[in-house]
Amino acid sequence: MRRLLLLASAALVAAENGLDGWLRYAPLPGASRYLHDLPSSIVSLNASETSPVYVAGSELQKGLQGIFGKQVSISHQNCNASSSIVVGTVDEYSKLCGSSAALPELEQDGFWLSTKGNSVQILGRNERGALYGAFEYLSMLAQGNFSQVAYANNPRAPIRWVNQWDNLDGSIERGYGGASIFFENGGVVSNLTRAAQYARLLASIGLNAVVVNNVNANASILTPQNIEGLGRIADVFRPYGVQLALSLNFASPTIIGGLSTYDPLDPSVIAWWTNVTDQLYQRIPDFAGYLVKADSEGQPGPLTYNRTLAQGANLFAKPLQPYGGIVMFRAFVYNQLNESDWKADRAKAAVEFFQGLDGQFDDNVVVQIKYGPIDFQVREPTSPLFAHLRNTSTAIELEITQEYLGQQCHLVYLPPLWKTVLDFDLRVDQKPSLVRDIITGQRFNRTLGGSAGVVNVGTNTTWLGSHLAMSNLYAYGRLAWDPANDPQSVLQDWIRLTFGLDRSVIDTITQMSMESWPAYENYSGNLGIQTLTDILYTHFGPNPASQDNNGWGQWTRADHTSIGMDRTVWNGTGYTGQYPPEVAAMYENIDTTPDNLVLWFHHVNYTHRLHSGKTVIQHFYDAHYSGAETAQTFLTMWESLKGKIDDERYNDVHFRLTYQAGHSIVWRDAINNFYFNLSGIPDEAKRVGNHPWRVEAESMTLSGYKTYAVNPFETASNTTAIVTTTNSTVGTATTKLEYPSGTYDLAVNYYDMYGGKSHWQVYLNNRKIGEWVGNSEDTLGHTPSIYLDGHSATRITFRGVKIEKGDELKIVGTPDGVEPAPLDYVSVLPEGVVD
Ligand code: GCV
């Protein structure tokens, strides 16, 4: 019988910095009454300290201590002791403790968990399976779930990998949580404590390998000194059942090997890679394999020598094969294109490069495919390549790091986005063909397959740079284990483990998180047009024009009358024809294309009416207002939790949600201004370009400030901001406020660039009501921008300011470095107005 602890809200808890993630083992209020029902000893069936079974014993001990304050001893024999937790492999159990005949068949990494009274059995098919079982049991206890259970739990796929894009100098490509925990100054860091802690977190959600270096790989990762360093990382991973894998630079034989070629069929190249692989296995016997980005974005590959991508992949597969290693070969291969060619389409590239190669890859090659055909956009249709590789193993590549989705400065819970692809039915051969069944190997009878998640944790104690972003990592693991898992129920497990069992905490964070991806899509790129972020710079703030007039192929083809990519077969790029017939027919016809992807597949007038009844342009306007409005509510929802979450995490999250509320307005206005300017079609609700509660900085009385035409124009209200006249002049902007007397929120929109930390002060009738510093380069965890633009544009709000009609508002800006204390506008907001 399931017994779920219903708990009164926990009193204020001690400050937490996030380092333990969801493995806090926080005391369970009121749990003392269950103490006598708990096991009083642990039997871990392996006494070797580096074995996952040993670690499982220690975790169980730590968990019982933390959650219940109960001290429990560990032994390594006596497995039939009553009131104990026995943890080990099935084989070891049979050997030491008698028969395990009653157990169901387990698959690799699977486990059996049974709780009967105070006797608990956790048996893995292998050692890490036992550790996974221990973490599952602890997860139940930490959530106050004392159910009696007896079940087997097997992963749906063997590949449950994490990709880190860490560089040897310690920087991380698209990382927003600090520097690398693995590398610095060209080699492996000496202190690997964080690497071990990371492995612990990953193991607790069933993830089993980490590619530790960037796919844009530096060949010197393979020097003898670095192999030794990698060996040390593998040593700290091993007790958690986490294997190490490496990204390779295809041209390594020429870069560090002294060869004159990297042709994959050249015997000297084959010998070179065989030798490197042997060396790696000598130091790291459980080395997981290689990840290869070849012939993509300037990375070298087999095409240089007119060899196929399959020949390139097999070059690595062969030396790995005797050791059981795997090659993850990325399908992210494309060329620059010319937009004046109506039929050119980057989305077609992966299928064009790979479809003819199906069946030519060695069995230990897995083609790693990004969820959509472009690049981790806010919404993409499922990559059609999943339908083409029937005789090749595949894995889906997801991005936990929020490269195009707010870079951990916006709350965006990603699993609902991932599920649009995992649950998509490609209808291969007119049969059910869910992507999740393809990647797990079930649909095409492949033994390999699974998921790769780009995570990019760093040295920040929050790992990803934001406490709430950790739900994405947790959920990634749970979905890699079983892609049929439900995003909301996984999320709620994470909330209980991370923030406790208070009902209002669970409900509030659930609501915010589940609304976050739709909100982000609403205030960034709608209807399948892609994120509309600046694809030529930081991938963070708005810049719709950056999509077009370049060779990257992320085009919108927006002009004065129309927008969208025509990807039909009859009139466009022919991309729809890459899907199996039923799906192709759905997307080929605009009447059967869902609204949320209409601009991905069709080029239409702004006045085209959607299934919803709205025109495209009005949908843009409405969605942007609604998305930004929802983002304001995240902050107020979070504030309702004050006192229920420790101050350290409460304040940190509060800071980020405040930022998001402001930046969502920057997004809203930039995109709306851009398309209003382009189309000339007014907003039916008269909001766009009409801001009754704003005072433009350029219309204030200026001293030491001058006007500045912002580029892109749409990222400034009225296209203009003000900056100090020199980098050392203090600027003053003054105005009389002519609003009816009352209490308002006073919002100031400004630009916080890197390269300086300007200081602003706000006065009302010469009484200072607030001040702030432009230090987002330190606080946001991502590189903002050196310009006044949609990345640096931000807002600060002073709440509940009493204003009399005719009061004088003065803002004093002191520049710093190259940052000229830029200001865009002031909003005087009555309650409930978001302007
Ligand atoms: C690691 C996008 C990202 C790059 C990334 C690349 C890839 O283009 O912006 O930072 O490179 O994808 O996935 O290889």
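Note: Cβ is positioned from N, Cα and C throughout, glycine not excepted.
In the structure as shown, the Cβ atom of Glu297 (active site, proton donor) sits within 10 Å of 13 other Cβ atoms. According to TrEMBL, the feature active site, proton donor maps to Glu297.
The active site, proton acceptor annotation in TrEMBL covers Asp375 (among others). Taking Cβ-Cβ distances under 8 Å and a sequence separation of 6 or more, the neighbours of Asp375 (active site, proton acceptor) in its chain are Phe332, Tyr404, Gln554. According to its DSSP assignment, Asp375 (active site, proton acceptor) is coil.
Among the features that TrEMBL reports, active site, proton acceptor is placed at Glu403 (among others). According to DSSP, Glu403 (active site, proton acceptor) sits in a coil region rather than a helix or strand.
In terms of DSSP secondary structure, the domain 'Alpha glucuronidase N-terminal' (21-137) contains 43 helix, 25 strand, 49 coil. Taken from TrEMBL, the feature domain 'Alpha glucuronidase N-terminal' applies to 21-137.
The domain 'Glycosyl hydrolase family 67 catalytic' annotation in TrEMBL covers 144-463.
Annotated domain 'Glycosyl hydrolase family 67 C-terminal' per TrEMBL: 465-687, in sequence order.
Summarising the annotation, TrEMBL assigns signal peptide to 1-15.
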Rounded to the nearest Å - Cα separation of Glu297 (active site, proton donor) and Glu403 (active site, proton acceptor): 17
The domain 'Alpha glucuronidase N-terminal' (21-137) [mean pLDDT, rounded to integer]: 93
Those residues of the chain, 6+ apart, with a Cβ under 8 Å from that of Glu403 (active site, proton acceptor): Arg174, Phe376, His539
